[in-house]
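Once you've had a glance at the structure underneath, I'll fire off some questions.
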Amino acid sequence: MDQVQIPEVVLNSGHKMPAIGFGTAGSPAPVAEQLTPIFIEAIAAGYRHIDTAALYGTEEIVGQAVAEALGRGLIKSRDELFITTKLWCTDADHDLVLPALNQSLRKLGMEYVDLYLIHWPVRIKKDDTNSNKMMHFDIQGTWEAMEDCCRMGLAKSIGVSNYSCAKLSKLLENATIPPAINQVEMNVAWQQQKLMEFAKRNEYTYVHSLHWEHMDPIGVLMQWWRIRSLKTSLQLEIRLPFRFLNKITSIALRWVQDQGATPIVRSFDRERMRKNLQIFDWELTDEEVGKMQQIPQQRASMVKDFISPDGQYKSLEELWDGEI
Ligand SMILES: NC(=O)c1ccc[n+]([C@@H]2O[C@H](COP(=O)([O-])OP(=O)(O)OC[C@H]3O[C@@H](n4cnc5c(N)ncnc54)[C@H](OP(=O)(O)O)[C@@H]3O)[C@@H](O)[C@H]2O)c1
């Protein structure tokens, strides 16, 4: 199969990012011996944007796959790839950011990442198993350290993940480098209209808009569709055209793309990872777009683990600033 030409978007840092990313989180994750060939396969299929995180345990495997892809001539240089990794909550504090990024770089075997993200606006005490594990997250101090990493050239672009509009506004009060990305859950069943409007408004504040990277583009739609097809008598039942059913995952990804966002999609299956790249040479019909607008909205990942009576976020309402 020929390699797909993947368009690129320009971030507010001036760097280019391929408009679809390959997710590397899996639960439970296959072992390294199984994953390395899968990641090499993804590069061979045409993925040039790879999303990992300290939390996923896949940084070393991404590094191995990139080294092997170079060895096999699938890519000519590491610079052809856009590699994202993320700061985990145990390191989410001003003085811990640089050591954490250095450790990620060691695992990746790279001198820089293309994008470094704060995984959550949350700080967790290191190696603590008792109930007082939540600590105060310093939103502005942590960002200052991210900016330092960017200035040092260790991260070409920096950003955040799972931030609400209120938390982004707080960060932007003192930021000298605005975040290039907010990686959030976004799919047809959680369309993130408030965040998308925030992004458009900030286009006027900054030279380029903040860009939204989105995860879970497929999972929730599949789940939604299964529920709907089982409960056909539900009031909200929507009749879907045949093409929709036939191309449901591609349509889910194309919809994200059409919102001005970048889908991060994970398939460890050879055929499906290739199929997921086939979203750039066709368009959604008006009927399909209309169907998407009727889908009931619900955030899938609330992440109750970050709620604690003694912690910074005492309720889901506080964690998400009402965006639930
Ligand atoms: N920043 C954050 O907090 C955060 C949170 C969650 C995820 N992420 C990132 O976003 C990535 C994507 O999220 P995700 O892995 O949760 O969900 P996803 O990519 O939306 O869905 C993955 C699931 O969909 C299946 N799938 C993929 N393509 C398919 C297709 N064409 N047809 C049918 N099934 C298909 C996969 O199975 P097969 O592998 O068997 O194909 C897998 O079970 C993650 O890997 C991670 O990099 C970030």
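From the backbone N, Cα and C atoms, a Cβ is placed for every residue, glycine too.
Note that the structure is predicted; figures quoted are calculated from it, not measured.
From TrEMBL, for reference:
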type	residues	note
DOMAIN	20-202	domain 'NADP-dependent oxidoreductase'
ACT_SITE	Tyr56	active site, proton donor
SITE	Lys86	site 'Lowers pKa of active site Tyr'
BINDING	His119	substrate binding site
Other Cβ atoms within 10 Å is the metric here; tell me which of the recorded positions Lys86, His119 scores highest.
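Of the recorded positions Lys86, His119, the most buried by Cβ count within 10 Å is Lys86.
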Mind looking up the mean pLDDT for the domain 'NADP-dependent oxidoreductase' (20-202) in the predicted model?
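Mean pLDDT for the domain 'NADP-dependent oxidoreductase' (20-202): 92.
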What number of additional C-beta atoms lies within 10 angstroms of the C-beta atom of the residue listed as 'active site, proton donor'?
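By my count, 20.
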Pop the Cα-Cα gap between the residue listed as 'active site, proton donor' and Lys86 (site 'Lowers pKa of active site Tyr') into the table, whole Å please.
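Taking the Cα atoms only, Lys86 (site 'Lowers pKa of active site Tyr') lies 9 Å from the residue listed as 'active site, proton donor'.
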To the nearest Å, how far is the Cα of the residue listed as 'active site, proton donor' from the Cα of the residue listed as 'substrate binding site'?
11
DSSP on Lys86 (site 'Lowers pKa of active site Tyr'), three-state: which is it?
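Where Lys86 (site 'Lowers pKa of active site Tyr') sits, the three-state DSSP reduction gives strand.
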Tell me whether the residue listed as 'substrate binding site' sits in a helix, a strand or coil according to DSSP.
coil
